[in-house]
C-alpha cells in the first residue's frame, strides 16, 4: 500500500523489464552472484511467541546469525527504526564481518501499546544487497492480523468470508467506491486508517465515507494475515505458472479459508475493474497495487524477493484477467438469451 494520499488524476502505468512468460534463470534470481555475500539465518522474528500475545511494557528477545560467505570483509548496519508503538533494538547495530566469519545478532523488543503488525526492518550491506527482516508483533485480539478461522463469518454474494470484509465492502460500494478514480491505488489518510482500524478491532465500526481509507484497510487486512494468501501456493507455482489456466488452477487448489478469501477479493476487484473507464483501475493496475498485500516476499536473497514480487503481480493479473473474461462471456450470453 502506498503512503501518498495525493489524488492524482492520471492512471497507473506499468513499466517492467521482467519477461513474465520466461522462466527465471539462476542469474535472474540472483543465486549465482549472491553466494558470495551476507547470509541471514532467518528473516522472521517472532520472539518465540508463536501465536501467543506479546506482553506490554516487557522486553522479549530473539536472535539470528549473519554469515559472510564472500571473499572480502563486509560492513553492515540496521536502518534506524523507532516507531512510537514499540522499541526495537539490534545488538550490534552495525559492524564488520571478516570473510568466512559469523556473528550473532541479538534483538530486543518492548511494545508500548496493543498492536498487530508485521514490521519490516532493513539490514544494509555496504556495497551489497539489502536484507529485509519481518518483525511479527501480535498483542491484541481483533479482526486484523489474526487467524481468519477465528472470526465471525457471513455469506457475501456466494462467498463465506469474515464479517469485517463484507462490512468494508458494503461501505465501499455504498459510498461510490467502485467509481472512485484510483480506488485501491490512492491511500487513505494515515490518522483515519489508524482510527478506523482500532474501531474495527473493538467491533465498533459500521461504515465510513472515506472510501480510500476503507480500500486501504481491505489491503491491510489481507497483508496482516498470519499466512498471506499466496504464500499457501508453492513458490515454484508462482514463478513458473506463466499460463493463465495454470494460475487459475493454482488458485482453485488453495486450501480453505485462503481459497474463499481470494475468490471474494477477486470478485470485488472484478466489480472495480468493470468501471475502469471511470476509475482508471484496470485488471493490470489492480494487480499491481493489490498483489504486494497477498504475499510475504521476505527472503535471504533480495534479488529473488524482487523477482518474486513481480511474478506475484503477474500471477494475480492472470487470475483476475480470467475472471474478467468469464464475466464478459457470461454477460454476452445473457444479452443474447434476453
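Cβ atoms are placed via backbone N, Cα and C, with glycine included.
The domain 'Rho-GAP' feature in Swiss-Prot is assigned to 149-327. The annotation site 'Arginine finger' is assigned in Swiss-Prot to 185.
Take the CB of residue 185 (site 'Arginine finger') and look out to 10 A: across all protein chains shown you find 23 other CB atoms. Mean model confidence of the domain 'Rho-GAP' (149-327) amounts to 92 (pLDDT, 0 to 100 scale).
Following the DSSP three-state reduction, the secondary structure of residue 185 (site 'Arginine finger') is coil.
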